[in-house]
Amino acid sequence: MAGFYRSSYVEDGETKYLATTQFEPIDCRRAFPSFDEPALKATFDISLIAKKSLTCLSNMDVKDTILLGDDKKKVVFNTTPVMSTYLVAFIVGELNYVENNDYRVPIRVYSTSGSEKLGVYSAEISAKTLAFFDKKFDIPYPLPKCDLVAIHDFAAGAMENYGLITFRTVEVLIDPKVADVNGLKRVTEVVMHELAHQWFGNLVTMDFWDGLWLNEGFATWMSWYACDALYPDWKVWQSYVTDDLQQALSLDGLRSSHPIEVPLKRANDVNQIFDSISYAKGSSLLKMISNWLGEETFVKGVSNYLKKHKWGNTKTRDLWESLSDVSGKDVNTIMDIWTKNVGYPLVTVKELGNNEIEVTQNRFLTTGDVKEEEDQLIYPVFLTIKTSKGVDTSAVLDVRTKKFKLDTDDDFFKINADQACIYRTVYESDRWIKLGKAGIEGKLSVEDKAGLVADAASLSTSGFLSTSSLLNLTQSWANETNDVVWSELTSNIGSIKEAFKFEGAEFTEALQSFSIDLVHQKLTELGHEFSDSDSFGEQRLKKLLFGTAVSSNHPKYVQICKDLFEKFVGGDKSVLNSNIRGIVFNCAAKTGDEATFEKLFDIYQNPSSAEEKVSALIALGAFRDEKILDKVLDLLFQFDVVKKQDTYKPMISMRTNTIGVEKLWAWYTTNYEKLIEAHPPQLSMFGTLTKLSVAGFAKKEQKEKVVAFFEGKDLAYFDKSLAQALDVVTSKISWVERDSDSILSWLSTNGYTKSKL
Ligand code: BES
Ligand code: ZN
C-alpha cells in the first residue's frame, strides 16, 4: 500500500485489480526517480498507457487520449501546477462515478461498480466545502476538477493528492439515510480534512517533514471549522473537547511524546509523527490561538499567510508572522514554546480566601513522576477564568506561581473557560464538589463539563486526585442531558474498567453495577429505538447509554442484543439500526460460541454494506473463547480474507478483555518475524499493531514480559509506538497499585457490589 501499488476486490465472484498510488510521505521515489522532498516542487506532465476500457485518472484533467494498437490507449493529462512529489497520484482501473456540479469545477466520486450511489453524499459536501474554503481563504481552488476515489486497499484513512483525493472505502462511500451518526460524522470530517489540505499542504507546503503539523494540524482544525459552519447542529466544537483535545493531552502526557516540531534523524522516521501530536495537539494549538486572537482575525491572518506563500513552502515562523501582522500581537514569542517543546502544564489552584487564588504550573506526566529536570519550562498559560460575571481573559500565568484576584461574588469560578487551552487543572478537593454542583446549576458550558471530567479522570490516573473524587463527580451528573458530557463520563468509566481488568471479578462486577446504575434512568427515559426525528445529539446519546448498559452486562439489554442479533442473521436486516450495530455484534460475540462465530463470519463475508463488514470484523475480536480467538488470529494472516489494511480491526476489541489481551500478545510474539514481513515497520501499520498488542496490559509482570521480548531487537521505525504503549502500561500499573483499594471501598460504600446485579 505504498508507492504505485495494486489493490484487489471481488466482483461477481471474480477477483479484479486496480492500480493506484500512495506517495506521502516518502514513497514517490518507489514509483519514479525524483527529488522526493516537499520543498523541491515541480510541475508534472503525466501520461498513462492502459487498456482502452479502463479509467485513467491523475491530478489534472485529460488533455488528450491517443488510441494505440493492441486494445491500448495513451491518456495525456494537462501539466500540473508547481507542487510537491508526495502529492502526485495516478490511478487505473474499472471505475464508475457520480458527478456533482454545484461548485465552480466538477466534483466526481469514483468507485468500483455497484457503489456509485454511495458517493453522492461526499460529492455534495465537497461542493459546499470547496465553496466555503474559497470564500474564507479568499483564494479559489486552483485546479480544473476535483476527484475523490474509493480504494479497496488503503493504509491510512484518506490522502489529499492534489485534485485526486484517495480514500479507504468506508471513509468516503456512505448512505446518509441509514448511516450510523458517528460514521456519517467521520466521513464528513475526512472529506473536509482532505479538502482543507488542497490549501494547507498542497498550495502552501511545509518546508520539510519536521513541519508536518502545519499540514495536519491545520487540516484538522479546518475540517471542524467547515463542519461547524455546514452542520451547526452537530456542535462539533463541543465534541472536539472529548475527542481531539483529549487525544492530544493523552499522548502528550507521556514521557515518550515529542514536540509538535520534531527534528527527524532518518527519512523513515517521518511515518512515526503522523500521530496525535501533529494532528490533535497541532490543531488544539490553533484553536488556542484562534480563541486568543478571535476567530475572524485568526482566519484573516491565515488567509494572508496562504496568499503570501502560495505555491511555496513555509516554516512555522511564517505562520506566526502573518498572525502577528494581522493581530498586532506578539504571536511568535507566545507560541514558539508550544511547538518547540514536549508536554504541557498542570495548573494547580490553591484557594487563599477572600476571592484570591494562587496558581502554579508544572509539567504534567500521566505517570505522575515528573523529575525536576523535566520541569524547567514556564509556559504563558491563558487562565481564562470563568465566573458568574463572565470570563477574565487577561489573566496569564507566565511565571511558576502567581496570585490572582477573582471577580466573583458567589464563590463560583472555573479555570480554562470552555476548555480552549492545552493544560490540565487540579483544584482543592472541596472545589471539585462545588464545580460538580455548578455543573448541575447550569453555570458550566458543555465544553467546561466535558473538560472538567476529562481532567478529573486523567488526574486520578496520574495520582493528583483520588479516583473517588472522579467517581463522586460522575455520580453527581447522572441527570446530564448532553451527549458530549455523557461520552466523557462513560469513556472514563471505560478507562477504569480497562486499567483494572485484571483485578478480579469482584472489582469488575462492582464497576459494572455502578455503570448500570449511572445510565439506567436516562436510558429508560430515552429508550434505544431510533427515529427519523431524533437529533444528531439524541442519536449519539441513545447509542452511548445503550452501549454502556450492554458492555456492563445489564441482563435486559444483553438479551435485547442477543434477540436483535438472531433476528438479523435470520434475515430481517431492518431490525438493526446502524447506530447500535457494533454494540449488538460485539455483545453477540462476547456471549457467543462457535455457532455465533460462524454467523458473524458469514456477515463479514457477505455484508450488506462496507460499514457492516467492518463492524463484524471488529466484533470477531470480542469472543471470550480461546479456540475461537485462535481462529480469528489465524485469519489475520489470510490476506485474501482480512486485508492487510484491516489487520488491526479485531485487535481493537481483543485487547480489552483479559483473555484476549494475553492471546494477542502470544500471537504477536510467536509470529513476530512473519508480521514484520507482512507489515514492514517503515510503514505506520506495524507501529499500530505493536501498540495494540502491548497497550492492553496493566500489570508489572506483563510489562516485564514485553520489555524482555524486545531486548536486543531492532526497534527502528516503531520505537516511538512501543515506548508510548509501555508508558501507557506503566501509568496503569501505578494507578492500580495506588487506587484499587480506595475504588473498591468507594463502590461498596455506595452500594455497588457483585450481588447488586
Ligand atoms: N495526509 C494524510 C494521509 C497520510 C497519513 C499519509 C499517514 C501518510 C501517512 C491525510 O490527510 C490524513 O490525515 N488522513 C487521516 C484522516 C483525517 C481525517 C484525520 C487518516 O488517514 O487517518
Ligand atoms: Zn491530513
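Every residue gets a Cβ built from N, Cα and C, even glycine.
The feature active site, proton acceptor is assigned by TrEMBL to Glu194. DSSP gives Glu194 (active site, proton acceptor) a helix state.
Cβ environment of His193 (Zn(2+) binding site): Ala158, Glu160, Ala219, Thr220, Met222, Ser223 lie under 8 Å away, each six or more residues apart in the same chain. What TrEMBL lists as Zn(2+) binding site is His193, His197, Glu216.
According to TrEMBL, the feature domain 'Aminopeptidase N-like N-terminal' maps to 1-87. Under DSSP, residues within the domain 'Aminopeptidase N-like N-terminal' (1-87) fall into helix, strand and coil as 7 helix, 41 strand, 39 coil.
According to TrEMBL, the feature domain 'Peptidase M1 membrane alanine aminopeptidase' maps to 121-338.
Sequence annotations record features per position, and here TrEMBL assigns domain 'ERAP1-like C-terminal' to 412-729.
Among the features that TrEMBL reports, site 'Transition state stabilizer' is placed at Tyr279. All protein chains included, Tyr279 (site 'Transition state stabilizer') registers 24 other Cβ atoms within 10 Å of its own Cβ.
Counting other Cβ atoms within 10 Å of each Cβ, the lowest count among the recorded positions Glu194, Glu216 belongs to Glu216. Contact annotation for recorded positions (Glu194, Glu216, Tyr279) versus ligand 2: Glu216, each with CB under 6 Å from a ligand atom. Taking the Cβ of His197 (Zn(2+) binding site) as centre and 10 Å as the limit, one finds 25 other Cβ atoms among all the protein chains shown. Tyr279 (site 'Transition state stabilizer') has its Cα within 10 Å of the Cα of these recorded positions: Glu216, taken from Glu194, His197, Glu216. Each of Glu160, Glu194, Ala196, Phe200, Gly201, Asn215, Phe218, Ala219, Thr220, Met222, Ser223, Tyr279 belongs to the same chain as His193, His197, Glu216, is absent from that list, and has a C-beta within 8 angstroms of the C-beta centroid marking the Zn(2+) site.
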